[in-house]
Amino acid sequence: MGRRGAASLPRGPSPRRPLLPGVLPLLLRLLLLPSRPGAGAGADRPPHLVFVLADDLGWNDVSFHGSNIRTPHLDELAAGGVLLDNYYTQPLCTPSRSQLLTGRYQIHTGLQHQIIWPCQPSCVPLDEKLLPQLLKEAGYTTHMVGKWHLGMYRKECLPTRRGFDTYFGYLLGSEDYYSHERCALIDSLNVTRCALDFRDGEQVATGYKNMYSTNIFTERATALITSHPPEKPLFLYLALQSVHEPLQVPEEYLKPYDFIQDKNRHYYAGMVSLMDEAVGNVTAALKSHGLWNNTVFIFSTDNGGQTLAGGNNWPLRGRKWSLWEGGIRGVGFVASPLLKQKGVKNRELIHISDWLPTLVKLARGSTKGTKPLDGFDVWKTISEGSPSPRKELLHNIDPNFVDISPCPGKSLAPAKDDSSHPAYLAFNTSLHAAIRHGNWKLLTGYPGCGCWFPPPSPYNDSAIPSSDPPTKTLWPFDIDQDPEERHDLSRDYPHIVEQLLSRLQFYHKHSVPVHFPAQDPRCDPKGTGAWGPWV
């Protein structure tokens, strides 16, 4: 065919001729035809956006970080995409999820203290415009599957009222993987109530007892993918229950890890493997149904691993609930055929609050309807390797911090500042806070458990404590050179300390009051048998 076409071309210049009647309209019609699914992916329509959020996955809980827990699907995706090696989340569930969906620091939403507990009349402020709302405005179909944990005391707080077309999952922070029940103490009633926490849309879903949640969520996610028309932009937020406690997993996932003698770590490893398999099933569905070539796939944890429940962040210091690197250094990567660079490790500073402006820009939407954002559009940083627009990161300021899982022998009370150094006048260093600027990080107050936790083994299952005195309230580190936070540089760089304290004071001055209301006994699910809105 090609040769015959070439032979038919005129050998010399031919005179210009007017287009034959009807040819011009035909060309116009051809130009206006919609492109075939998969053709010119990304050039003519916004990409599909799939965000998978793991729960309590630690730095040392994936094999691409050297763990003996096998994560082949995550490894393959990270190796073929962009591994985020200087990526941060918050140290707890609600704060990370709120910053993901608002693009704003906790100090600007009132959620800077702990999490939203089952009976608290609280949720992400209703005047905040969330990521799914912005994507809907940009023409996306929006689905959420899994853990919400952003408040549910009134119906206006529910996912389906905050921008998601569909929702399937649970509203609180944790529950049984099989019964899907959550037990919680209602203080004012002096009773512990156990009730179902599972929803399909806004309706209680009762037909899933004895079904493992990760499998159910994966099935729903893949069903949404397979029924989705490729020409319509999709946003799928899959917030897995894995690998948050309780430590539960089908028996067959335990057998490959019989060599792990620590019981918590043994179960946890099986849970990670099942989660890895789930991610593989989701990406397989995207590929088999023609969506992958125009998909940006993001994987992230919500905080560091909880060493009390099998997680591990070695060699990083600390764990979930803490502002040490082990509590906030995120496991994350981006995989997509649309990336301009692939198979690279990105060392630029990126935070979970950056996803909102990044994804809205990719969606060709607008953030004009939001309150002032703390996040940055980092797509060029990820896709092309450009310098990150983020130079500074406020990890948090919590004036009411109490560590509910302190190191052995540590006090629950925050540390008291015993220093008279003039630079300390810039900020009250007894406050639980941390900030990052460039390669510098400063922690103040009591940051949470500051031990190092080696992976459990037959020879070593104990934490390595720090030698810091209990009155210490200030720690500056060069994180690029010292990611394990072992070398306090306060004596060597007092001017850096002073500058970072001034920045903390700036943020503290511009923060809103902490919103952490007392329990409301009307939350009691005794009458309905299910947790849900009560106002």
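Glycine is no exception: its Cβ is also placed from the backbone N, Cα and C atoms.
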Open item on the list: The substrate site in Swiss-Prot lists Lys147, His244. Which one of Lys287, Lys320, Lys340, Lys342 belongs there according to the record?
Closed with: Lys320
TODO: Scan Cys119, Cys123 and flag the one Swiss-Prot records as disulfide-linked to Cys523.
DONE: Cys119
Task: Cys123, Cys183 - which one Swiss-Prot pairs with Cys157 by disulfide - done: Cys123
Open item on the list: For Asn281 (N-linked glycosylation site), which of the three DSSP-derived states applies: helix, strand, or coil?
Closed with: helix
Task: Spatial neighbours of Cys93 (Ca(2+) binding site), counting only the recorded positions Cys119, His149, Cys183 and Cα distances within 10 Å - done: His149
- [ ] Quick one: give me the count of other CB atoms within 10 A of the CB of Cys183 (disulfide bond).
- [x] 12
Task: Neighbouring C-beta atoms (10 Å sphere around the C-beta of Cys194 (disulfide bond)) - done: 15
Open item on the list: By a 10 A CB contact count over all chains shown, which of the binding-site residues listed here is most packed: Asp56, Asp302?
Closed with: Asp302
Open item on the list: Test of understanding: give the count of other CB atoms lying within 10 angstroms of the CB of Cys449 (disulfide bond).
Closed with: 26
